[in-house]
């Protein structure tokens, strides 16, 4: 029985709160009307003119030739796609060239270090340490 009273009391408070909020919105009607007029002005900008709208849904027949505007638009799209493709592959090529150059530099550095270590190990005290400086017995 108590749960019914709690439910009734919560519903009554919710109804009172909604009534208060709705009466508070009624005072702001003038600003909503102004906002509604601004929305109508913005909606007028969205719609096309009648001359444009009548041509909007007309479609070209399958066998008819394309207009010059359509051909130009398709050519621009194709050129733009080609340019993007060229830039992409150029970027990939540059990254790969940089990678290969780094690998070659690292390999050269390792081989130079190994040669330097070999020369230090086999140095005989003569400068320059070439074979023709070696003393033959």
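A Cβ is built for glycine as well, from the same backbone N, Cα and C atoms used for every other residue.
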| request: Would you please say which range out of 31-57, 58-84 has the annotation region 'Disordered' in TrEMBL? | output: 58-84
| field | Tally of DSSP helical, extended and coil residues in the compositional bias 'Basic and acidic residues' (66-84) | value | 17 helix, 0 strand, 2 coil
